[in-house]
Amino acid sequence: MPIREIRHPLIRHKLGLMRRADISTKNFRELAQEVGSILTYEATSDLPLEHYNIDGWCGPVQVEKISGKKITVVPILRAGIGMLDGVLSLIPGAKVSAVGIARNEETFKAQTYLEKLVPEIEQRLAIIIDPMLATGGSMVATIDMLKKAGCKEIRALVLVAAPEGIAAVEAAHPDVLILTASIDERLDEHGYIVPGLGDAGDKIFGTKQKDI
């Protein structure tokens with residue numbers, strides 16, 4: 001299933017702001033949520049609908065509601081938390097499954113340290129969120145985990161993706177749709193996306209930002 005790069009003008013503008021070296025923690029957090037919300041809008045555009053009747057102000061009226069599978073949002077900790085509020089602003093009824101995966105900075109391999117999936121996840125559409133798709137190790141490990149739990153329909157939302165990470169996910173899980181705000185140039189020798197956003201987790205949580 002091909003990757004989709006969402007080139008909406010609002011996304012292009014907000015992503016440009018996020019790439020600034022001098023961006024504040026507050027602004028980066030807010031923009032991550034906003035772009036996450038727009039990606040969610042795109043990722044749910046094909047959800048099935050069903051009709052039902054309600055009492056309107058002038059009498060009975062037929063309206064629509066989302067039908068089919070319920071949704072679980074799966075942030076990859078810790079950086080995925082930075083997109084969560086933006087996603088839930090559009091699908092507030094979704095349940096949250098948390099996955100903790102850290103990257104070994106020497107081998108770039110993914111190491112799982114937390115798995116908290118909602119009950120009956122096999123009956124849900126899983127939407128994975130993570131700001132960066134770099135080597136693809138964390139994303140592949142998360143998809144492996146979800147499929148092992150019985151989840152059959154999975155989508156992923158990332159702010160920025162590297163070609164290397166896209167290739168890794170497509171090779172391991174060609175059935176998973178990835179939506180991104182930008183397909184960037186490459187990975188550097190340290191496994192960071194170029195031009196990328198820097199360390200999204202550090203920027204979201206203010207790890208290295210100076211106190212004001």
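Keep in mind that glycine also has a Cβ here, set from the backbone N, Cα and C atoms.
A coil conformation is recorded for G136 (5-phospho-alpha-D-ribose 1-diphosphate binding site) in the three-state DSSP classification, outside any helix or strand. Counting only residues at least six positions away in the same chain, the Cβ atoms of E164, G165, I166, A167, A168, V169, A172 sit under 8 Å from the Cβ of G136 (5-phospho-alpha-D-ribose 1-diphosphate binding site). Here Swiss-Prot flags R78, R103, D130, P131, M132, L133, A134, T135, G136, G137, S138, D199 as 5-phospho-alpha-D-ribose 1-diphosphate binding site, drawing on sequence analysis.
Among the features that Swiss-Prot reports, uracil binding site is placed at I193, G198, D199, A200.
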Practice problem: Provide the number of Cβ atoms within 10 Å of the Cβ of S138 (5-phospho-alpha-D-ribose 1-diphosphate binding site), excluding the reference atom itself. | Solution: 28
Quiz item: Which of the binding-site residues listed here (D130, M132, A134, S138) have a Cα atom within 10 Å of the Cα of D199 (uracil binding site)?
Solution: M132
